[in-house]
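Shown next, in structure tokens, is the structure this report addresses.
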Amino acid sequence: MNLRQQLTQFLTMAFVFSSSFMAWKTLSVVTNSHSPVVVVLSGSMEPAFQRGDILFLWNRQRQNKVGDVVVYEIKGKDIPIVHRVLREHHNSEKQYLLTKGDNNLVDDLGLYAKKQGYLNQATDLVGTVKAYLPKVGYVTILISENMYARYALLGIMCISSLLTGE
């Protein structure tokens, strides 16, 4: 492979990565969410959502209502949580939410940060679930939880790259 082909291959890969990044950032701006697509990681929302479902979020509504499925983050924890709004109250400017997983026995007070009784809709929510694809995200769970699957995927990608020259 000559220098021109290698440079073309590099530029093609750079274009693919930059296009993917721009598509993600555009989706983030449109949905007003830093993470507009999430994968369900646990069974706490069964039967509504199963582990591995991909959820599409929207974060442009001013208020959430009881029954909405929301994704929120706790300060100091990296993993977003998908649960249903159990109770809400608000004052003139802020809305506060109490959530619970459909498959859980108790509400989420024990999950919230210390001395936090409710979620602040403006600061804690990543978004409200508007659509989903069942089981499609299970591949990401398999790769993140299984070291052998990760190495197998990496090996397949390397072999494919060597054989096709791309």
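Cβ coordinates are placed from backbone N, Cα and C, and glycine is handled just like the others.
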Revision key, fill the gap. Swiss-Prot record, transmembrane segment, of the ranges 10-30, 136-156 the matching one is 10-30
Review point. Cβ under 8 Å to the region 'C-terminal short (CTS) helix' (152-163), counting only same-chain residues 6 or more beyond its ends: which ones?
Key: 143
Review point. Reported in the order helix, strand, coil, what are the DSSP residue counts of the topological domain 'Lumenal' (31-166)?
Key: 30 helix, 39 strand, 67 coil
Check your understanding: Just checking, which of Ser44, His83, Asp108 (active-site residues) has the fewest C-beta atoms within 10 Å of its C-beta?
Key -> Ser44
